[in-house]
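Participant: Okay, these came from Swiss-Prot:
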BINDING   188-223  FAD binding site
DOMAIN    80-185  domain 'FAD-binding FR-type'
TRANSMEM  36-56  transmembrane segment
Amino acid sequence: MFARPAIRACQSLKQPVRRYTNTPPPQSGNANNSRVGILIASAVGMAGFGTYFMFGQGTTPAAGVKALGAEPKKALEMEKGFVSLQLDDVEVVNHNTKRLRFKLPEDDMVSGLHVASALLTKFKPEGAEKPVLRPYTPISDEDQKGYLDLIVKKYEGGPMSTHIHELVPGQKLDFKGPLPKYEWSANKHPHVAMIAGGTGITPMYQIMRAIFKNPADKTKVTLVVGNITEEDILLKKQLAELENTYPQRFRAFYVLDNPPKDWAGTKGYITKDLLKTVLPEPKEENIKVFVCGPPGMMKAISGNKVSPKDQGEVSGILKELGYKQDQIYKF
């Protein structure tokens, strides 16, 4: 079976919980006990599926299999250092999130990122001694030529997200990359689970895109993603298309803290009971669980990372459910 029987709509949770809505995201690439619900914040400034909806008319997704021939030129390579890219277009996604398209130096260039990897942004505020650095995972395909797309949530008092939101087409931002994350290859795991909060969906999206655009990759994916309101759900159209196209291989479960009256999904918080119901069991062979979200969510679900290169110990709900260190990756 694809997974244990899953219940799409759960009853609203009644127990009190500690809220994480306004907790800023961890600055890295991308709950107190088992019965505490976790409110998922609707954003993570970080640490990528296809480009089913782009700006304006829409853009054809990059080819699923690279054509034979010379490797395309890469805009970003670590040895190049920071590269200034010009903002080409901006789309307002919701009240605090924008989608931004940056032109690569040449039309036939690709970004240079791979799956899974992120990039680093840099700018120096006026009067500051040091520049601000923040990682983001693009949502455009790694094979896409000519541009890269970011989804960025604006945080109150967040210097980088505020700066990016204030950019207008024609202005530039410095980028460096790729920042390696989890090295993905086709069929590396037969079943992966993804737990995301807000824009923590971006590194998950990057891996999902690689899986489902590759005909040779048969990996199954279970996604649990939490947000505050329905308008905060990012890439929902693409995720719905995936469910319709691959019903035996992809399932998405949405959790809203403040759902509309007609909401048919899960209401409230991501809980131990929900994850126990929908995720692959820890005893399944060679599974992987990816987690990406704000610090409060990470602490409650899996435990936080110690640093970009140190995953830290596994704790929280996933440990209580029996998942081991080597089964979990934190973005």
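Glycine is treated like the rest: Cβ placed from N, Cα and C.
A description of the local structural setting of each listed feature is requested, covering burial, neighbours and distances.
Facilitator: Annotation note: Lys218 (FAD binding site) sits in a coil segment as assigned by DSSP. Around Lys218 (FAD binding site), the same-chain residues at least 6 positions away in sequence with a Cβ under 8 Å from its Cβ are Asn187, Pro190, Arg249.
DSSP labels the residues of the domain 'FAD-binding FR-type' (80-185) in these numbers: 9 helix, 49 strand, 48 coil.
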Participant: Just how many other Cβ atoms lie inside 10 Å of the Cβ on Pro203 (FAD binding site)?
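Facilitator: Cβ-Cβ neighbours of Pro203 (FAD binding site) within 10 Å number 31.
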Participant: Using DSSP with the three-state reduction, classify Gly198 (FAD binding site) as helix, strand or coil.
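Facilitator: Where Gly198 (FAD binding site) sits, the three-state DSSP reduction gives helix.
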Participant: Which has the fewest other Cβ atoms within 10 Å: Ala193, Met208, Leu223, the binding-site residues listed?
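Facilitator: Among the binding-site residues Ala193, Met208, Leu223, the sparsest Cβ neighbourhood within 10 Å belongs to Leu223.
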